[in-house]
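The Zn(2+) binding site annotation in TrEMBL covers A:His60, A:His62, A:His209, A:Asp297. Taken from TrEMBL, the feature substrate binding site covers A:Glu89, A:His182, A:Glu212, A:Asp297. What TrEMBL records for A:51-398 is domain 'Amidohydrolase-related'.
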Number of protein chains: 2
Amino acid sequence: MASLLITGGRVLLPDMSVTQADVLVDQDSGSIVEIGSDLTAEKTLQASNSLVTPGFVNGHSHVPMVLLRGYADDKPLDRWLEEDIWPAESKMTPDDVHIGAKLGLLEMIKSGVTGFADMFFHVPKIVDAVDQAGVRARLGHGIVTTGKGDENAFADVKESLDFALEYDGAANGRISTAFMPHSLVTVGSEYLDDFVPKARAAGIPIHYHANETLNEVTPIVEDYGVRPLDYAADHGMLESQDFVAHGVHVDEHEINLLAEAGTSVIHCPASNMKLASGMAPIQRMRDAGVEIGLGTDGAAANNDLSLLDEGRDAAMLGKLAADDAGAVPAELVVEMMTQGSASALGFHSGVIKEGEPADLAVIDLEKPHLTPQHDLVSHLAYAAVGSDVKHTICDGQILMRDREVLTLGEKSIVDQAQQTADLLLSRVSS
Amino acid sequence: MASLLITGGRVLLPDMSVTQADVLVDQDSGSIVEIGSDLTAEKTLQASNSLVTPGFVNGHSHVPMVLLRGYADDKPLDRWLEEDIWPAESKMTPDDVHIGAKLGLLEMIKSGVTGFADMFFHVPKIVDAVDQAGVRARLGHGIVTTGKGDENAFADVKESLDFALEYDGAANGRISTAFMPHSLVTVGSEYLDDFVPKARAAGIPIHYHANETLNEVTPIVEDYGVRPLDYAADHGMLESQDFVAHGVHVDEHEINLLAEAGTSVIHCPASNMKLASGMAPIQRMRDAGVEIGLGTDGAAANNDLSLLDEGRDAAMLGKLAADDAGAVPAELVVEMMTQGSASALGFHSGVIKEGEPADLAVIDLEKPHLTPQHDLVSHLAYAAVGSDVKHTICDGQILMRDREVLTLGEKSIVDQAQQTADLLLSRVSS
C-alpha cells in the first residue's frame, strides 16, 4: 500500500485525551491503519511540537459567498439580504461560483477544514472545485420558491433533487449530496409534499435553515398553528439523516422533537451574532440529547470560514446563552467541530481511530499564543486560529504541507478571485 | 535624523478612509513626519499588498496571566477566582511575572499591539519587560484590601501609589502609570479616601474594574444606596483621565455619569462572554458620548491577547446586546481598537497623522481569508487575525519585521515560559 506516517506529534483521541503517538495512514484506502510507535511508512509528515486532530468539519455554509466578504456588513438580516446579498448573488455566473468555491476551499484547507456542507446554486461548479481541492463535502442546490412563478419554482425544486441524485458519490465518493429547501418559509409546502418523499425514497438527506430568526418562526405559528419543527416533521423533513442550520429560536418541545428524531443541528454562532439573530440554546439542546455540529454560514455573515474561530465563538456565545460560564465547555466545542459536524453530515470522519478515514489537521503548537500547554483541548477551543494549522490531510492525501496547499494554486486563485469579485460588483452597480 | 520609510502600502487614515501612500518616520523623535509619495529615508520597510494601521492598544489586561492560559476554563467567575486563579497567582514569584510579561508582550507584538494597560503585582518586573520589548504601557499595581489585616491592606494601597509615582515616565517615557484599586468592592472606602486624593494631586490617573458582574453592583446598591459609579464619583474616581474596565451592568444614569465625567470604558467582550458576565451596552454608551476602548483582560479569561480577535468579538457581542445588526459597526470597532483605547490610556497614538507617534501595525493582505478586498475596515474588524500582522512599529522603532520579533527572543521565551508555568502549577498542587 501507499503509506504515510504522521510522526512525532501528540494525537487527540476520541475521548478528548491526548497521547504522544505516530499515525499510520493507508493512502490507497484513505484510512487510518494504526496509532502507535515504532511504525514505518513510505512517506512521513513531521508533526513534532504539534497536535494531530481530526480535520474540522464545517457543517453549514454557502462557500462561494466569500466573493462578497466585507461587501455589506452591519445590517439587519432582511435589509442585508434584500439590498445587498440577493442582488449580488443574482449576478453570479457559474464561473463566479467556481472561483468563489476555490477561494473558500483554499481558506478552509488552510485552517484545517477537511469537510463541509454547502447550499448554493450552480452547484456542479462547486463539485468540480471540491474534486480538485480534495476535501469531503455534502452539497446541494438551495431552493427558493416564494416570489417565483410556478414554472420557475418547480424547476428550482427539481434542480435540487436532480443534482442530489446525479452527483451523490462523485469525486471517488468524497462528495455526497442533500435535498436543500432554503427554509420552511421560502419554499411552498406543495413542493415539499411533492419532492421530499422522492428524496427520501432515494436515501438523500434533507438540509435546510430552521428557526434562524423570529421571522422564520412567527409566520408558521400564525399560518399553521404549529411550531416550525412540527411543520417540518409533518412534511417528512425531520429524520435522523437530516440536518438543520441554526436552530436559534427553538422551544423545549422542538428540542425534544430534534432529540427524538435524531436530526442534527448545525450551530452557526458567528452568523447568529453578526446578524443579531439571537442565541441558540446549545447547552440545553445538548443536555436533551440533540446532536450538534458547527458551521460558519456564508463568509458575508461571519466573515471567515475557519472552524477554529467558530469554535471559540460557540464557547463564548453558549455560556452567555446559558448564563453559565460552565456551559459549552472546551470538550463540547471540539466535539462539535469534529465528531458533531461529521456525524451530522453523514461522514465517518471526525475521530482519530484505526479504520476511520484519515481526515486530519496538524496544529503547530510552538507559538507564543499557544504557550504554555496546560490543556490542548482548551487551546483548540479558545486559543488556536486557522493559521496555526501546519498540515491538512483528507482521505489519506496531503492537501496542505507546511502551509502550502498542494491541490490548489493559492496565488492564482487569490488574484482571480479579486478580479472576479470586482467584476461582479461592477455588474451589480451598473 | 534616523529615518524609516514604510513603503508601498495602503494607509488607514483617522477618518477610516484608506489611501495608497508611504509613511515617513523620524526614529529619533519616534514620530510620523509625512504621509505621501516620493519620500526617501535611510531605511525602508516593505508594505506592498499590506494595510498600514495604527498599532492596536490593549486597554485592559493582566498580561502575566498568560502563564495560566488554558489552566482553568469553563467555570463561573467566583469559583474560577477562588479555586484556580487566586491560588495560582499567590504562588507567582517576581521571576514568574517577568517571564509571563515577556511571553504576553511577544504575543501582543506578534498581533500588532503597540500599547497596553496592565494591572498586576510585582509590577517593576513588567516595567523591565516593557522596556526591553519596546511597546508603550500604562502600568499599575492592583490593590485588594478585603480579607487582609489593616497593615497588609495599607501596604498594598501604598505600593500602588508608590509604584505609580516612581515609574511614571520610565523607558524613555514609553511607560506611564496609574493608581489601580482592583474594584469598588475589593478595596475599602477608607483607603480610597486616603489615597485617591494623593494620586490625583500627583496627576496619576485611576484605573479599576467597574460593574463587571452583578456581584459588584448589588453590594454597593445595598450598602450605600447608590449605583457603583455614583459611589466611584463620590470617592473622586470618575475624572476624565480615569478609565474603568468592563462597564457591563451600567444603567442609563451611570452611562450619563461616564459621558459627563469623560471617564473612558474599556470593553472586554471575550472575558465578559467567557465568564458569562453579561453584555455591555456599547452602542448605547457610545451614543451617549462615552469614550470606549477595547481590552483583552487576562489570557485566562479570553484566552489570547490579540486585539484583532477582540475587535471581532466586540462587533459580534455589540450587535447581540443591542438586538440590532447595525450596532457596533466595523468603523466603531476599529476606532475602539486604536484611537479609543489610546485616548483612554492617555497615549497620543491611535491615529496615523503627521506629528503623532509612529506606533503602527502593517497587515499582510495577500491571504485567502482577506480576499477580496472590498472594504479594509471590515477586514480589520471581522476577518484579520493576529498572524496577519507582518511588521509592528512602536515609537518609531521596528519591533517586528516579517513576523520576527527583534526586541525579544521568541524561542527562548516560549521555552522558559513553558518551564515556568509547569513549575508554578507544581507549586500550586503541592
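One-based numbering along the chain as shown.
Every residue, even glycine, has its Cβ placed from backbone N, Cα and C.
Known features from TrEMBL, placed on the structure.
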| residue | record | DSSP class |
| --- | --- | --- |
| A:His60 | Zn(2+) binding site | strand |
| A:Glu89 | substrate binding site | helix |
| A:His182 | substrate binding site | coil |
| A:His209 | Zn(2+) binding site | strand |
| A:Asp297 | Zn(2+) binding site | coil |
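Cβ neighbours within 10 Å of A:Asp297 (Zn(2+) binding site), excluding its own Cβ and spanning all shown chains: 28. Neighbour counts were taken as the number of other C-beta atoms within 10 angstroms of each residue's C-beta; across the binding-site residues A:His60, A:His62, A:His182, A:His209, the minimum falls on A:His182. Each residue contributes its Cα atom, and for A:His60 (Zn(2+) binding site) and A:His182 (substrate binding site) those atoms are 12 Å apart. Take the mean position of the Cβ atoms of A:His60, A:His62, A:His209, A:Asp297, the recorded Zn(2+) site; other residues of that chain with a Cβ within 8 Å of it are A:Ser61, A:Met119, A:Ala245, A:His246, A:Ile266, A:Cys268, A:Ser271, A:Gly295, A:Gly298, A:Ala301. Taking a C-beta cut-off of under 8 angstroms and a sequence separation of 6 or more, A:Glu89 (substrate binding site) has the following same-chain neighbours: A:Met65, A:Leu68, A:Phe121. Cα separation, A:His209 (Zn(2+) binding site) to A:His182 (substrate binding site), rounded: 6 Å. Its Cβ placed at the centre, A:Glu212 (substrate binding site) has 25 other Cβ atoms within 10 Å. Cα separation, A:His182 (substrate binding site) to A:Asp297 (Zn(2+) binding site), rounded: 13 Å. Each residue contributes its Cα atom, and for A:Asp297 (Zn(2+) binding site) and A:Glu212 (substrate binding site) these two points are 12 Å apart. When averaged over the domain 'Amidohydrolase-related' (A:51-398), pLDDT in the model lands at 97. You'll find the Cα of A:Glu212 (substrate binding site) roughly 15 Å from the Cα of A:His62 (Zn(2+) binding site). Taken over all pairs of the listed substrate-binding residues (A:Glu89, A:His182, A:Glu212, A:Asp297), the Cα spread reaches a maximum of 20 Å, rounded to the nearest whole number.
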